[in-house]
């Protein structure tokens, strides 16, 4: 049995783990791409002096251009450099921080995904705290970096409002493209806004579940000490357990702080013989015992009236009766009944028993039918059996319906279950096996 909302918590924990690993892998790829571009290890050979390549070149020159030299088409960045935007060096430091954090976030998400189970409920709060710490840190950095890119976007838009429209220059075209690059970085920093909100919601829910798990673990925690025999008083030093198999001389260790059995040896200890010798002689010599006169209790007043004494003869029998002089007749024990024959043990004997029982039933039924006459249709009275032989002639008297006397011994009807073979369980437990 686990805490009440374990099913919902388990589903959210699995989703948070998978979602965290998915985001970590994507942002690790973004970070590696930014680091490679900063150190000029990216191929820009496909870029030309066209408007299609303007966004890519502006994106690189605005946020990822390092101190190295690279052969790329020239674009006029004077209008962008005049503005106070986030420099490529500062963004490079952010990229390294993001790379390290997302690596650890992926590990914590994997731990949360694999340990959100019933058998790890005692330690699951540890993995929850780790995952919450990394998620909160990354969400705060996303918020800070998104605000920075939002400031850059607002700065570029304000600069564009100061430019004249009828005669745009190449620097103005680069400035418009720089606003698009800042907007793209703003959306990436906030993770599309929806993902950032989902991360914050998961953090809040997981943090509230830590209290539920903590209360559940405290409820399941055993109160008291498991073995209080070796725990010192007031949480003090533990006493060593007794070694029951130590055959050598054991040295007794006395704890000075043990106040339950204090040992205070007397300072002036003397042996018993010495104490007796120091006593005076009069106390040592035994005095004679004085003889006391016997008291006469006959003159004392009685508080009760004496009753005449009666003698009662008792015997060891339950009902008192006079013993008889006749010799006791010793009756022998009654003979034990002869045990019934053993039940059949094989199939052939069972078959014989069932056959005999069936034959007895048939004979009993025939005897019952032959005990009276049955008047068949269009025939005279018969002997109880419907046969194809002609019926005997009717009697001369009117006693045709009277039953024929039957002088065979009576065969009472028996229980049909008595002649059935016994069960195998009875045969196994029988004493005739």
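Even glycines carry a Cβ here, placed using N, Cα and C.
Record note: among 126-151, 152-177, 126-151 is the stretch given as transmembrane segment by TrEMBL. Per TrEMBL, the range carrying the annotation transmembrane segment out of 93-114, 225-246, 247-268 is 93-114. When TrEMBL is compared with the stretches 193-214, 281-302, the one noted as transmembrane segment is 193-214. When the stretches 93-114, 126-151, 193-214 are ranked by Cβ pairs under 8 Å to the transmembrane segment (12-39), first place goes to 93-114.
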